[in-house]
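The following features are taken from TrEMBL:
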- 37-325: domain 'Histone deacetylase' (DOMAIN)
- D108, G158, Y312: substrate binding site (BINDING)
- H150: active site, proton acceptor (ACT_SITE)
- D185, H187, D273: divalent metal cation binding site (BINDING)
- 401-422: compositional bias 'Acidic residues' (COMPBIAS)
- 401-499: region 'Disordered' (REGION)
- 423-456: compositional bias 'Basic and acidic residues' (COMPBIAS)
- 480-499: compositional bias 'Basic and acidic residues' (COMPBIAS)
Amino acid sequence: MDTGGNSLQSAAPDGVKRKVCYFYDPEVGNYYYGQGHPMKPHRIRMTHALLAHYGLLQHMQVLKPFPARDRDLCRFHADDYVSFLRSITPETQQDQLRQLKRFNVGEDCPVFDGLYSFCQTYAGGSVGGAVKLNHNLCDIAVNWAGGLHHAKKCEASGFCYVNDIVLAILELLKVHERVLYVDIDIHHGDGVEEAFYTTDRVMTVSFHKFGDYFPGTGDIRDIGFSKGKYYSLNVPLDDGIDDESYHFLFKPLIAKVMEVFKPGAVVLQCGADSLSGDRLGCFNLSIKGHAECVKFMRSFNVPLLLLGGGGYTIRNVARCWCYETGVALGIEVDDKMPQHEYYEYFGPDYTLHVAPSNMENKNSHQLLEEIRSKLLDNLSKLQHAPSVQFQERPPDTELLEAEEDQDDADERWDPDSDMDVDDERKPLPSRVKREIVEAEPKELEGQKGSSEHARGFDTAIDENASGKALDAGPLQIDEPGVRVEQENVNKHSDPLYSK
């Protein structure tokens, strides 16, 4: 089978520019999971700094996400779980031990200052990106703070509290009959698969390490249930997979999925823990190999939402997501890294790309052939492009964006929608600890603990619900840390981590 992008239906030349919306909140890098915890939101700020100094921000619409509200999160998550996330603080957690256990919060998913604001921010970016795509205001939307694919309806899991991906897909389903979800994080995308396991309107495809590895789900035999049978595709991989082996599976499988499923929109979770040398990972992908998945998805010219995810060697995460933003824009960025506030993280080479290791690839060609054959056979059992019965759907959200010199941010909301601001909710005090920079230990400490297999529950799609959508307003150009980079800017407004 030809696996090149040129052979694909609706494929567009790689050089064709796409309109890209990029969501970033300058506060996101300040959230801190705690000492020794491998998840570091600071990597999002490092990524943003690279984008600024490579000059990529000026090629995108840069947006600060509007925070998701309780009602937005409750389109998927249980009310009592959202209430718990909103109220829990480091000071009060000792009084709520039963709730902590019930919602799986405390170890892999610690309570930290500003936890709920963090969830609102990253979820707001993902749903805001979906709204932009729904209104044809961009071809590709990017939210590197999102992609937290393990969170369940009623519990946190694997460093994830709110499942922004499920919320974004629900938003896309307001406009698109079918949405494809592709996950290239090293961990199985269990929370997203579980949410849509019984529907044929969302197809989930996950490429992941399988076998004595968190979260323990994602067997090749897990294919979906009821109407969703064959709409879940799991690609189980072993240690040391390299670029060539990965794309031997990725390209033909995704090409066939696009052919038979014909999604109206695609969500690609770009977890960077599948890169070579990740603190918690065991794959051997190069940054170019990882980004080839983005390039391949882009070639289909279907509305595309790019999200972050895992990634625990943070200098490589920033490298990867910077390069993949360039791929989204159709801009090849230089390997030589520009001077910037986090330059010392990238020594001794100060380059964007790092060579993969010489670790053994435990994925034999015979095993890869068997996986590919089995999954292509599963895809052959799909009916082509399932249709959706005509029905009333939630109202669209008009994007009445504030002009950059307009102060009244509430004008961004459609007054006729069900999305008015929650007057009854008290604003949370901004009590965010600044992260202390830690050396990255070589030991895989703090690895994600194992969890139970995904528990089934009714599909997340409520076809007739009056869904809540999010919007995002354009940023003031002079907003600290979030602005289109201007020429000759050599001063960064965020003093943290200045060397």
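Cβ coordinates are placed from backbone N, Cα and C, and glycine is handled just like the others.
In sequence order, G147, H149, H208, Q269, C270, G271, D273, S274, G309, G310 make up the list of same-chain residues 6 or more apart from D185 (divalent metal cation binding site) whose Cβ falls under 8 Å from its Cβ.
Across the residues annotated as binding substrate (D108, G158, Y312), the widest Cα-Cα separation comes to 14 Å.
Cα spacing between the residue listed as 'active site, proton acceptor' and D108 (substrate binding site): 12 Å, rounded to the nearest whole number. As a whole-number mean, the pLDDT of the domain 'Histone deacetylase' (37-325) in this prediction is 98. Between H187 (divalent metal cation binding site) and G158 (substrate binding site), the C-alpha separation comes to 9 Å. Cβ atoms within 8 Å of the centroid of the Cβ atoms of D185, H187, D273 (the divalent metal cation site) belong to the same-chain residues I186, H208, G271, S274, L280, G281, G309, G310, G311, site residues excluded.
D273 (divalent metal cation binding site): 24 other CB atoms within 10 A of its CB, across all protein chains. The binding-site residues under consideration are D108, H187. Their Cβ neighbour counts within 10 Å are lowest for D108.
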